[in-house]
Structures are given as structure tokens and as C-alpha cells.
Amino acid sequence: MNDKISFLPPEPIQLLDEDSTEPELDIDSQQENEGPISASNSNDSTSHSNDCGATITRTRPRRSSSINANFSFQKAHVSDCTIVNGDHGTKFAVWRITVFLEPNLKAFAAKRESYKIQTYKRYSDFVRLRENLLTRIKTAKPEKLNCLQIPHLPPSVQWYSSWKYQEVNLNKDWLAKRQRGLEYFLNHIILNSSLVEMTKDILIQFLEPSKRVA
């Protein structure tokens with residue numbers, strides 16, 4: 001983050017039910033409009049080929065996408081946000097991102113531990129992530145651009161509301177809708193095995209644990 005920030009208030013705004021730590025992912029319902037999802041390492045799966053020549057694997061109830069030899073992405077959880085102070089009296093929301101990992105090796109799986117990555121991101125970080133993913137696809141394999149569609153992010157504040165930007169952007173209902181949109185976006189990305197394989201370095205950099213500035 002470019003701004004020098006201080007976290008206020010001490011406790012994050014709760015936008016989610018704390019009991020719902022493993023939300024149900026409804027990716028199939030939006031797959032037709034958003035592009036294919038590929039997955040692996042699941043017990044209940046069916047596969048078919050799409051028009052782009054890629055294999056789509058539908059799995060229930062678990063999906064995962066390999067990030068390295070040891071772990072696969074299992075799901076992402078965008079939870080409560082914290083309102084922070086930036087320069088010049090501005091305020092913005094920082095989201096807590098938790099990505100759950102599934103061990104690929106029996107040695108890790110036998111430990112029955114919960115493997116996860118946790119970091120903090122602003123909406124603008126998601127915007128840059130999407131831009132970087134699109135640039136990578138266009139540069140590396142432009143013919144795959146239609147097959148590896150990147151879902152849209154939840155909208156930013158509309159121009160006609162810019163005069164009350166702070167009020168709109170920090171509204172709890174607005175933030176709750178943004179949380180759901182960011183969570184869908186991130187899950188769509190990390191559960192697409194073809195996309196992960198092509199953009200692994202970009203995703204790893206995005207998920208690098210953040211240092212919170214007091």
C-alpha cells in the first residue's frame with residue numbers, strides 16, 4: 001500500500017457471521033457467464049471438454065487447484081474489514097484474506113493440520129491483480145483470453161456519487177456486497193487450475209502476507 005496508514009478502530013467491522021468460517025462456494029451457477037473452472041484432487045468429479053479444448057472438471061463438494069508440489073488452493077475467504085486512515089483525511093477499507101490450502105502429500109495430510117495463508121488487501125489491490133492477470137494472458141497466450149475469462153470485480157463508487165465518496169464507500173451494506181464480490185472473484189481465480197498454472201507468480205505475490213502498520 002502506498003499510503004501511510006494507521007488502523008482505526010482497534011477491532012475490525014464484522015460483516016460476516018463468525019460461525020460461517022467455510023462458506024459454500026456457488027461457482028457453478030455463474031460459470032457459464034464467467035468462464036470455465038478447472039479443478040483436481042477431489043473425490044466426486046465429472047469431466048468434459050469445452051469449445052476451447054480445455055478440460056473442465058466439476059467437483060462436489062470440494063475443489064482445489066495445485067500451487068506447488070506440496071499444496072493446492074482449496075478456497076478463499078474474504079472476511080471482516082478494517083477502516084484505516086490514509087493521508088489528507090481519507091479513509092479506506094482493508095480486507096482480511098484467508099486462503100485455505102490442501103496438502104498434496106500424505107505426509108502433510110496425515111498431520112491433520114489446517115494450512116492457510118492470511119493477508120490484508122485493499123480493493124485497489126484486487127484491481128491491480130485483475131489487470132496483471134489479464135496482461136499475463138494477453139502476453140503469454142492471447143488465444144486463451146476467451147477461455148480463461150477473468151470475472152469482473154464488484155463495482156467501484158459511481159461517478160454521480162463521487163461527491164459523497166467516503167460516505168458511500170464505507171457504508172456497511174456497500175461493504176458487505178463488495179465482500180461477497182471479492183470472495184467470488186478470488187475463488188474463481190484460484191480454483192481455475194489452468195489460470196493458476198499460467199499466473200502462479202502473480203498469485204503468490206498477491207497472497208504474500210502483509211505487515212500491518214500501527
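Glycine too: its Cβ is placed from the backbone N, Cα and C atoms.
Annotation source Swiss-Prot lists region 'Disordered' at 1-63.
Summarising model confidence by region, the motif 'PxP' (5-15) averages a pLDDT of 40. Among the features that Swiss-Prot reports, motif 'PxP' is placed at 5-15.
What Swiss-Prot lists as compositional bias 'Acidic residues' is 16-31.
Among the features that Swiss-Prot reports, compositional bias 'Low complexity' is placed at 38-58.
Under the heading phosphoserine, Swiss-Prot lists Ser65 (among others), citing similarity to another entry as support. In the three-state DSSP assignment, the secondary structure recorded for Ser65 (phosphoserine) is strand.
Ser66 (phosphoserine) is surrounded by 18 other CB atoms, counting those within 10 A of its CB over all protein chains shown. Residues annotated as phosphoserine in Swiss-Prot: Ser66 (among others).
Under DSSP, residues within the domain 'PX' (73-213) fall into helix, strand and coil as 71 helix, 34 strand, 36 coil. The domain 'PX' annotation in Swiss-Prot covers 73-213 and rests on sequence analysis.
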Ser65 (phosphoserine), number of other Cβ atoms within 10 Å: 23
